[in-house]
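Peer 1: TrEMBL feature annotations, pasted as is:
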type: ACT_SITE; residues: E267; note: active site
type: BINDING; residues: H266, H270, H276; note: Zn(2+) binding site
type: DOMAIN; residues: 101-324; note: domain 'Peptidase M12B'
Amino acid sequence: MDNSEYLFDSDNRTPKKPWRNLSLETLSSSRRNESTTPRSRTTFDRYVYKLELLRSTTFDLFDTQIQPPEVEKTVRWNVINQSTSWSDPPSRRRRNALRDYYVDVVALIDRLRFEWFLKQAKNDYNTARRNIQEHYAMVFSGVNMLYKGINHPNYTIHIRLCKIFIFEAPTAANFISKYASDGKINAHLALEALEKIVQGAGNPIVGYYDHVILFTGFDLFGNESSGKINYAIVGITNQKAMCRKDGSSCAVIEDRRGTYLKTVAHELGHSLSAKHDGDGNSCSKFDRYIMSSGVLSKQTPETKYNPWQFSSCSVNNFTTFLTEFGSRSYRYNCLAYAIEASDDIPDVSNKLLGQFIKPNQQCQLKYGNASYYCKGEKNTNIEDICHSLYCRDLLKSGDCKLMEAYIGTSCGDGKICMYGKCVSDPYAPPVDETCVFGDVHEDHCKSLISTFVGNCYQSKHYDLCCGTCNNMSRPIKGCEYGDKKENCQTYHCAKEKETCCGTCNYGTPFTPITRRNIAMRPTSAKPLLIRRSPKVARVCKPGALDLRPELCHDPSVCKNQFFLCCEYCLTYFTLPTRTTISRYDCAPGDLDLLPELCTNISICQTHRSRCCEYCSRMENYTVTITIEITSPQDCAAGDLDLLPAMCANISICLTNRSLCCDYCSRVENYTVTMTTGITSPKECVLGEPDLNPELCTSPSVCQTQPLMCCNYCTYNSGAIFHLYDTWVYRCFYIHCIFFLSKQMSA
C-alpha cells in the first residue's frame, strides 16, 4: 500500500470477555475432542472443543498478530441442513462446486464525515444522506470487484454493504471522539473503543454483521517501537477476526478526503487472515499487490497492474481460512449466506465509482483541493491513466505524484479502466478523446476563456481548458472559436478575414459529430441465499444508543417502540415535565441537533425537532412580511361589488374576490405590508390552563416555554385578539349570506 496501517496487538493483554460463539471461530478439526454424548440427527448436538492457538513471534513495524487466548468452552451447534446425513456432510458433496462466500459489512460514518458531506450538499440534510449512502455503496461495489478478481477454481468472495449508520448528532460518536485531540486520534484507542461499542451499547445499532468498519474524519496515528509517532496510518484492524461476535471483527479507516478502495480491501484482507506480503511468506513487499505493506515501491512494467490484485500468498491465506469454514458447512457458517441488506442501501451494481469521481477530483481527494491531473506527465497517454494517474501535490513538493485511477474511470471513447487496464466496454460513455476529462483548472479557464475565446486556438490553453473551449465552440470549420486575435473590426475583413473570421463571418459550416447513445449497465440479478437479520431485543441496556435516531424526536415512540430510541427515551423519562410535551415537539432543554440548519425560522414549521433551542427562542416572535396581492382573475370587466359592505379590506380579494369585483379591480396588485405572528406547529388550545403557573409571570416565558403557560400567553401575546377577529369575520359572512338569500327570495 501507499500508506500503512496497524494490526492490533493483544499479546500483552487478555480480552475482557470470552469468545461467545465458537461456531464463528477458526477451529481446526485436528484439535477436536469427541463429545461424551453420542451423535444424533436432532437439530442440536453438543461438543467440547479446545483451541490451541499459535502466537506471533515476529514483530513488524506496522503489524502484529492478534489471536484469541486458549479457551475451553461447551457450545451448541445449529444444524442448518437437517436433510444431510452425518456420514455425508455437505462439504464432501460440494467439494468440486464453485462456492460463494459473502462478507457482509456494516459501515459506520462518524460526525466529521457527515459534516463533510453536509458541506458538499450546501447544508441540504436529505441530499447529504443520499450522497453518503450512494458514495459508500459504490465504494464497496468497487472493493467487491477487487475481490471478484481472485480467479480461484473453488470459490468466489463477495463483499457486500448491508447497512450504513451515520453518527449525525455532535455527541453521537463520543465513544471515539473523546480520545481525539487537534483532529488526530490514536489508532489503537480508536479500535478498542469501536470493539467495545460494537459488542456493548451499540450492538442494537450494528445488528447482524460479518464485519464492521468505522469511517472516520480523524487523522489516525500510532506509536512506533522507537518512540516516534507515525502519522502515515490509514487503517487498523484485527488479524483473522472475520465473523467473530466479540467485537473484534471490525476496522477503523481514515477517511478524511476520500475513501481509497485499496485501503478497504487491504483491511478486509487482514480480517480474512491475509498477512502483509513479505511477512513470513515468499511474496515480496515491493511488488505493489493489495496486501503489500506501507513501503513505497517504484512502478515497473511487471508490477504496474498489481495494485488491483492479491498476491498468491494472500490467496493461499484466503483459501486456508475459507477451507476451514467449508469443512464445517453443516454448522452455521456466517460467510455462506448473505445478510438481508437495509432498505436504504441503494443498488449501484450498474454504476462505477470512476464515472462519478473524475481524475481531477480523485487527485483532490488525496492531495488537497488545489491538486489536479498532470496530463501527459512522463509521456503518458490517456489510456495510461488507468495504472499511472499523476496528480500535482501542492501540499508538499508541488511535484506530480503517482496514484491509481478508480475502477470505471474513462480512458477513451467507449473505454473505461478495469483492474489497471483500459478496456472497451459496451456501457462506457462516449467521449471526445482529445478532451476526456475536461478542464484542468475550472476557475482559471473561466477567466481565461471569458476574456478572449480565441485563446482556445493555442494548444497550451486548449489542453488545460478543453472542456470550456468545447462548450464555447461553434460548427464553423477554421473559425470554431471566433476571431483569432483580439479587437477585430469590420475594416480588417479586406485583408484579415481568416484572422478575424468571427467578425467577418468567414468560414465553412459543418455538421457536428453526434455521439452514440449507450444503454444502461444492467444490474446484478444473481439470487442470494439470504439470512435475515434477527429481531432486535426489545430492551434497553444501560448506555444504549438510539437505534433509529430519525424517530427519536417524538415522546410517543417511547410508549410503543422504546427499544428503538433507548438514549432519547431514558433521558426523556427522567424529565419532571414529560407529560406536558406535545407530540412531534422538543423536550425542555433540548439543544439544536443540526445547528447548520437553524438559521431561518421556517425550519420551526417543518423540522422543529432538529432546531429545538433555536425555535424555543424564535417562536411566537412577531415579524413583518411584505407581500404583493395578486388575486385570481375571476371577475368580468366592469363587474360591480356584489356585497359592498364586505369590500373594505384587501384580504377579501384573496378569499372571495367575486363578491367585490369593483373594489378589487382598484386595489389589486398593490404592495402592502402585513404583520403576522410566527408560531410553532404545536400551539396551545384556547382555554388550556397553565401547566406551570409559577413560571407564568413574565411575557418572556411566552417566547421560551409557551406550552407551559398557555392561558397566560393567550392573553399576553395577542392570540386572543386574532381568534376574536376570526369569529367576527365568520359571523359577518353568515349575516351577509343570510341577508343576500332573503333579498333574492323576495
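Backbone N, Cα and C define each Cβ position, glycine as well.
Because TrEMBL annotations are produced automatically, they should be read as predictions rather than curated entries.
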Peer 1: When DSSP states are folded down to helix, strand and coil, where does H276 (Zn(2+) binding site) land?
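Peer 2: H276 (Zn(2+) binding site) sits in coil per DSSP, no helix or strand.
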Peer 1: Count the Cβ atoms, other than its own, that fall within 10 Å of the Cβ of H276 (Zn(2+) binding site), considering every protein chain shown.
Peer 2: 28
Peer 1: What average pLDDT is reported by the model for the domain 'Peptidase M12B' (101-324)?
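Peer 2: Residues in the domain 'Peptidase M12B' (101-324) carry a mean pLDDT of 89 in this prediction.
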Peer 1: Do you know offhand how many angstrom separate H276 (Zn(2+) binding site) and E267 (active site) by C-alpha?
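Peer 2: Cα-Cα distance, H276 (Zn(2+) binding site) to E267 (active site): 11 Å.
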